[in-house]
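What follows is a single structure, written as structure tokens, with notes after it.
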């Protein structure tokens, strides 16, 4: 039964499995463990003593695979919901022993064919035995080409050699052992196949946090917790170290299922299990471990409401808006207008600007002219009027909006609120409007996830024509930020399109299964108003990221982008991860993919170049990696992705 | 005028150019140099003193580019045949000085637009100034996207820091200087665009031979020889060092044009040039250098006849034959039958086998049964009969052939030659023939460029059924070989197909513009007859290539494959580069591409895995790079390329 219930969270991490040895009495094995409150068993499908090259085996006769039970011993639903197949762990497809290698290849194919026949959802592949895994990967890749739906979980020990550790296996040639590198080789050889995922063997000692963090960008489906990785608390019950607890909570948050592995006991007990439900819970030898995992699951903080709402957006590629070329729909306005935090920040900024601009003694005599450019359905008009009221300043508002549909709503709003004497509605593109007077304050919210990517600079260039020389622009500046990430899920989603254009498009994404490999760095900054003579909205920046050396090697699938904006003086607004505006939901970050994922070895800086390019009809970004190995220039001439002017 | 004439060789290397300074009298400049026997000039198109940011310039007025001459001063044919444009050498697109960077970008675009307007064939881009060239590459890449036909020659100094050399430029951060790496970054950023090629500046000292060899796999279009790279011989005439001579000959053989660069003198002289044809040859200050280059060109060995014949096949991708599924055409038999060397080797092998099998004293009493399996139109039947005659052994020949069209020719041949009592023609696939008796000797030639790739192993498995237990197979064994190569031309040809299948197909290729990066290594060996109980034609081999460290970094575009076959005892046949059968032309090598070219740093081994896989209907190869960074498994399940059984 599930570990617990969390509002709206239907992730698979609420199911807990148990690893068992081989048993040829599957019905008993299953009922013993299901009655023991586990949700599924991870169990061998074929007698581990069997070797194909040794011909007939046991009483099954020649040619028959000595399986744990015929397909008829369990119902199809039982096989598919409660059994994950464990491929024979003796296989070694990269052995120098040719007989062993061929036996391994034969049994792997046979067992996976059997698992498909049973409609299992997943099978666990044993860990690669040496540092080379090319033949293993090739065989698995061939099987993956056959387009069955079977998920393959490659078992990987959660281990990384840290500086100063003794190298514990001479056979590995003194190389540092980083299980992530084994995984990385395997999946590169298999071309990021999305039926291939990971089951991590969690051991009693854990590598560094930076090293662990890499796994959250990978398709980890299960974490196998061994009973000997548990501690014993003062009352004699099993528990986990703080670091292990944190890791397990991380797994729960990333849809990773826990599997408890307690060695052989469960099978022996299952064999003697009577099926008496009254006793069964008591009898399961791993009950206390399961209870503890359930306790960790249940004590997690509930998901904030906004997070619950956004669950469906996690790791989902969205094309960025074309806010100038396309008119937003009512639905979109509706969504963004709910972001009260954003408008509160604008109101604070306008208030401060009004107080700076009009001293108290002139509050009743001076009327400030404020223009909201890109007024939409009016939320910034309302925030500005509230700022005026709050500061007791007199305000005259122009609401400039290019979308005629939104203008209709604006007129209704003004009438409804009785703002006819305060607000003038202008149905025009701010870049072409011929203003009847100059503004003291220009308020706009034309920001994209990457700051300038919805062409705020170009729009405000047009609008600043009617700003007084000493006028104020809110926002006064914004900066974009970038950081390298591992995101197997998103890379695979981009790859699935199988064309160049999708590899060269920036997407809006609520990142979730992602590893952030280095701190963000600023990319482009725009300030407003900008009256410099050689004003140019083209930009070029080189960034050099240093991935912390205790991370180990890492694979870069691209970059996540953010922005931070100064609305006015100390009033900020933004999503940069170290200083996000709390509880604001109008922007998800942006994802710039790389056409070929790049493996970065420890201590090697990653040099990224980014350009903002403009011509008469559009703005676009180009990007590339220059070092350690140059990538193609992405999106040359905006061939794949651009924002229309 | 061309440097000389070579039979059938119409390569561009017979033209020699001269580099000049800026002149605004193009007609004089051109006639002076053409009359001086050069074929083209490499000359600036725009006054080098001009800077876009400084506005109007000279007497051309604002907005007009100070070009060397209007399009009307030369005829279109003159512009296009005799002028290569030199882009202003002051440009620095990766400068930290933003004004210089923008000026550079503007002038680069203006000059290339002007060159396109003039229909020039090529322009020379100045060398990247620093170790970073990303912005330069981006601008060039944008221009290359515009699909003009203009070729861009990136000027690259032929320089590589060798161990022990002092690092000669502190500004490069103490990094070893390898101009190849600059080129490699530039072209990776530009995605191997095939309008981008190289003009090498040949300096007075040359890097190591291994390092130089890399350039022969690259699209080098011109070699610029500076007068100060020349020596002076005893009689006071300019000449080149032995190593320079060898390099220049290598350039001639690879369609690289020489350009002589002698600084400013030629322009000054051109200005005073009267156009008097009688004097002109004497007057050109670089005449002696040109004469010497002509002398080097003319003293090259003439191309062997076979090479002349194969000129059209150089670096051209051919799909390998499907010899089992398809029947060869008469034309193909005709071509292969001309390869007398091959049949001489077979005759030698059969002779030795006959002598071993039948002692002299039994020569007249014993008749040897010899079966030619895959007899085609009969050349191996003829070679076998000639061996019998040569050794005075009695022979009974069965000629087994599956192609009914070739069988018709065989019958004519037997009648024509009066072999009716010696030769029995069998119209059958050797794999299914029910032979009336067993053979002493089985003769076949079913070899492909990669040995087993035309399924000789599978065919001979079928044929060895009717070989006596002590019978002899000719060939008795064959081995395939592989080596990593740089081949920009072929990689681009594969890339042009823009699909996965072409990246995963092996092609037959007469390699020419190729750099062989490491010695060949053996891959798969088959021996015949093979009577082992667990016979299996599947194979798996790991290869570890070490690129000589004085090569520097290198880009691997894939692998060239060869074979060597032991026909009988010491009689070999093959194309492996260190021991090819001389003057044999039946086989070109094979090319296994890599989907993504791989840069190998000095001292890093390259680990390649190769599989030969079989199922009931086909045979195919899979291959991958495992180290330094894993590639995808190529051609999984033979999805892109296979040979039908």
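The backbone N, Cα and C atoms fix where each Cβ goes, and this holds for glycine too.
When TrEMBL records B:333, B:342, B:343, B:429, B:430 as binding S-adenosyl-L-methionine, the matching candidate from B:305, B:307, B:401 it lists for that site is B:401. Contact with chain A, taken as any Cβ pair under 8 Å, is found for none of the recorded positions B:333, B:336, B:429, B:430. For residue B:343 (S-adenosyl-L-methionine binding site), other Cβ atoms within 10 Å of its Cβ number 21.
Among B:333, B:342, B:343, B:401, B:429, B:430, the residues given in the record as binding S-adenosyl-L-methionine, the maximal Cα to Cα distance rounds to 23 Å.
Note on the recorded positions B:401, B:445, B:454: the fewest other CB atoms within 10 A surround the CB of B:454. Annotation for residue B:429 (S-adenosyl-L-methionine binding site): same-chain Cβ neighbours under 8 Å, separated by at least 6 residues, are B:402, B:462.
Annotated pair residue B:401 (S-adenosyl-L-methionine binding site) and residue B:445 (active site, proton donor/acceptor), C-alpha to C-alpha distance, rounded: 12 Å. In this structure, the C-alpha atom of residue B:445 (active site, proton donor/acceptor) lies 10 angstrom from that of residue B:342 (S-adenosyl-L-methionine binding site). Within 10 Å of the C-beta of residue B:336 (site 'Critical for specifying symmetric addition of methyl groups') there are 18 other C-beta atoms, taking all protein chains into account.
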